[in-house]
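What follows is one structure encoded as structure tokens, with my remarks underneath.
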């Protein structure tokens with residue numbers, strides 16, 4: 001067995017996978033520091049420097065922070081680490097969103113905030129990362145260690161001598177919490193927190209007392225021993241039984257299909273999923289939140305399965321199948337379009353990261369998704385019937401009408417031009433709203449990144465996530481699609497993008513309000529104050545850094561703006577405000593919104 005995965009650089013995921021390494025591998029993450037003793041008392045042997053080295057070992061080279069008096073000394077020691085860069089954000093929420101976006105690309109992210117007033121502000125972003133199985137290390141500068149257990153009331157708190165409020169809030173949205181208020185066990189607590197984040201692929205919380213970060217201690221006198229994450233294996237008898245049951249079920253089927261879900265990422269099973277697709281000949285679809293996890297250039301790829309708002313002809317093939325394999329699905333009210341999917345449990349093999357259920361019958365535990373799919377691929381009978389049916393009924397999608405001269409730009413015409421922009425050197429970030437549906441229809445070339453936050457669906461997420469993703473992946477140009485309502489929540493950190501020389505292209509879609517909410521339930525609360533968005537970004541730019549802005553109202557102007565952004569302004573942050581009619585939405589949003597509204601509006605059951 002290979003017992004290590006090489007240097008830090010070799011440990012950085014290149015495919016968007018997060019968390020622990022591939023199954024069957026012990027991840028020994030080497031550091032780049034010589035394993036020589038450091039004399040106690042030197043600036044290298046402090047708690048802060050130890051934490052910095054540990055972050056670098058885990059794959060974090062940028063931390064997103066907002067300073068506050070409880071974390072200032074800690075930040076001094078973090079930025080003293082030459083391989084760790086501090087990215088100062090405008091607020092804690094965006095710092096958390098940025099760590100989320102960074103983790104999607106790099107495999108792990110980190111943010112640093114101050115006690116309670118900062119911690120409760122970043123909490124929403126950490127909850128979103130938890131819902132998406134992203135290992136984000138949330139570091140908080142905590143109270144002076146001498147204040148614990150006293151009756152003192154501190155600033156930045158709610159005015160009670162109990163300092164546990166922040167910790168209690170984080171306990172429900174992190175998989176481990178470490179409160180470091182002494183030096184004796186600081187080394188152990190930090191290591192356990194970071195390794196748990198990597199193993200569980202979930203956020204963790206680390207609080208560091210503000211008076212400890214700069215103190216040398218003998219436990220930090222040597223460079224830390226590399227992390228070692230034990231491999232996970234399936235129960236062999238359970239795996240064999242699960243594969244046998246699945247084969248018996250699939251071999252009776254006439255037209256089986258397979259659908260990838262978002263938990264392919266946390267299970268590190270994308271490659272195994274493709275193995276099964278190649279071996280079986282089944283049609284391959286993805287659930288909306290799994291877009292980007294399965295190559296869309298696969299010869300049997302048929303699109304996104306999203307019930308009534310699927311890509312053309314995909315739902316018909318999936319829902320008419322007599323057997324379907326769902327690998328890593330999350331069936332919530334959004335992904336099920338208001339619980340309207342026409343699926344039957346008795347026709348489904350549902351593969352979770354660590355268990356398999358066959359035809360609503362037996363469930364096989366301690367079976368890892370990647371191993372199950374790989375073993376199934378070795379023995380499955382090839383059956384292309386369902387794909388042949390798809391090929392038989394498929395009619396190429398119609399092209400939207402070209403906008404007439406001086407006719408206001410339509411969103412469907414806009415995305416025809418966006419399709420031509422994307423390549424293996426780009427990544428797409430889609431904000432909650434109509435961009436979910438418009439970006440879902442983009443055909444991704446091999447290597448093109450794609451991210452959106454479907455489970456948590458926090459509006460404003462994309463600004464911070466774009467910052468973090470672009471910082472983690474400077475070789476890709478990020479294309480972010482953000483609605484005006486969402487942008488108003490988190491606009492400030494355009495400043496941080498400019499400050500760090502990022503070259504993202506942001507398409508701000510200005511349609512005068514919260515359009516996704518309008519299509520679920522309209523009211524005056526969905527209308528927002530219109531801003532001069534390009535004027536705002538120009539003011540933020542303030543002549544420092546590289547930034548270019550423009551407004552477009554017509555198709556000809558959009559074409560010209562894209563040309564400029566991709567040629568003479570290719571090294572700039574480009575902000576293109578696209579002004580469209582308030583009722584210009586995708587047909588999918590109209591359908592989805594009405595079904596979600598129906599689900600939300602169900603009357604109470606009789607008591």
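The backbone N, Cα and C atoms fix where each Cβ goes, glycine too.
Note that this is a predicted model, so its numbers are computed, not measured.
Straight from TrEMBL, the features:
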{"type": "BINDING", "residues": "484, 511, 513", "note": "Mg(2+) binding site"}
{"type": "DOMAIN", "residues": "46-150", "note": "domain 'Thiamine pyrophosphate enzyme N-terminal TPP-binding'"}
{"type": "DOMAIN", "residues": "243-359", "note": "domain 'Thiamine pyrophosphate enzyme central'"}
{"type": "DOMAIN", "residues": "453-577", "note": "domain 'Thiamine pyrophosphate enzyme TPP-binding'"}
{"type": "REGION", "residues": "1-23", "note": "region 'Disordered'"}
Stretch-averaged pLDDT - the domain 'Thiamine pyrophosphate enzyme central' (243-359): 96
Among 484, 513 [binding-site residues], residue with fewest other Cβ within 10 Å: 513
Other same-chain residues whose Cβ falls within 8 Å of the Cβ centroid of 484, 511, 513, the recorded Mg(2+) site, in sequence order: 483, 485, 509, 510, 512, 514, 515, 528, 582
Spatial neighbours of residue 511 (Mg(2+) binding site) that are distant in sequence (at least 6 apart) but have CB under 8 A: 434, 483, 484, 580, 581, 582, 584
DSSP helix/strand/coil residue counts for the domain 'Thiamine pyrophosphate enzyme N-terminal TPP-binding' (46-150): 51 helix, 22 strand, 32 coil
Summary of DSSP states over the domain 'Thiamine pyrophosphate enzyme central' (243-359), given as helix, strand and coil counts: 39 helix, 26 strand, 52 coil
